[in-house]
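Here's the structure we're looking at; comments come further down.
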Amino acid sequence: MTTGRYSDHDHEHYERPRRRTRPRTKDRPSYDDAVDARVVTVDRGRFTLLLDGRRVMAMKSRPLGRKGVVVGDHVRVVGDTSGADGSLARIVEVVPRTTTLRRTADDDDPVERVIVSNADQLVVVTALADPEPRPRLIDRALVAAYDAGMAPLLCLTKADLADPETLLSTYRSLGVPWVVTQLKGEGAGDLTELLDRLRGRTSVLVGHSGVGKSTLVNALVPGAHREVGIVNAVTGRGRHTSTSAYLLELPDGDGWIIDTPGIRSFGLAHVQPGNLIEAFPDLDEMTETCPRGCTHGTDEPECGLDEAIEAGEADVDRVESFRRLLAAREASSDW
Ligand SMILES: Nc1nc2c(ncn2[C@@H]2O[C@H](COP(=O)(O)OP(=O)(O)OP(=O)(O)O)[C@@H](O)[C@H]2O)c(=O)[nH]1
């Protein structure tokens, strides 16, 4: 383990050119010898990378400055990339991200943050019972997915305990794809449908405590050793067993999942209504006549969506579901 042996301070001190002996140069080093890696997890300023199939510990190099490095990032690395015990490589570049899943501001954390990058699917893991589904949280996760340009997928766990139909009726008009899983009881363990949906993509798994996300991750990636909590019989909440987002490769090498056990809230203050409606091109088309600044919400006086409903051109359920998402954006951020 390297943690503790090298503090940020020590390394910065070591890296900084000593003025008298080495004149400062304006040219940045070119890092021609840098190699590609992907960020697996982050722990107190130390990054675990996957590089040619081996795990390598790394830290940010000074030229990156305050630029964040997050789980899912493709990075360029120099230095000791052997992955040997005690070795520490340096991240010199973050490859431009294809997507960023963000959250804003909650009471514990006042800044907007990128949670993970380069994921193309957001899997909202919800138990059908124990704990009961929380549609408002599902809505908020969907908003985050649409805003990030990620495809949403509902993964309904614990199908041995309840029927999915009630919950699904809420999401049908939005056209969100879904899969059902069951890892206990008779006929448990068939993950074919979910694996089909994960294949060839990077999928972020979110879900509140106790929904069975760790159990699912362990079943998808044998050997992942994500800790499984015990659901409290009184509150329905699980123990908070793990904290950091973690990138895992699916066994067939054809897809990645990112487990996000640490996400306890999903602040959405950064989401613009205009971004959300872009995820629904059929509805977006109907808002061309909207007054400037229209949010397309329920109380907007001359929203094109209302006109489209009156003209019989819009599906009422779909508009209502979209507006529910829009409202969820402003709700409290508790996960
Ligand atoms: N009945 C039933 N129970 C399940 C199923 N999947 C998981 N569980 C149980 O649900 C409980 C919570 O599972 P976890 O995998 O720890 O849930 P989690 O979402 O990772 O929760 P945290 O670790 O607290 O974030 C455990 O007791 C599991 O055994 C299922 O398909 N059916």
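In case you wondered, yes, glycine gets a Cβ from its N, Cα and C as well.
Residues or ranges marked as GTP binding site by TrEMBL: Thr157, Lys158, Ala159, Asp160, Gly207, His208, Ser209, Gly210, Val211, Gly212, Lys213, Ser214, Thr215. Taken from TrEMBL, the feature compositional bias 'Basic and acidic residues' covers 1-15. Taken from TrEMBL, the feature domain 'CP-type G' covers 108-266. Taken from TrEMBL, the feature domain 'EngC GTPase' covers 117-264. Summarising the annotation, TrEMBL assigns region 'Disordered' to 1-32.
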Thr157, Ser209 as binding-site residues, winner by CB count within 10 A: Thr157
Averaged pLDDT, computed only over the residues in the domain 'EngC GTPase' (117-264): 87
Candidate with sparsest Cβ neighbourhood (10 Å radius) among Ala159, Val211, the listed binding-site residues: Ala159
Protein Cβ atoms within 10 Å of Gly207 (GTP binding site), excluding its own: 25
For Lys213 (GTP binding site), the number of other Cβ atoms found within 10 Å of its own Cβ: 27
Thr215 (GTP binding site), number of other Cβ atoms within 10 Å: 18
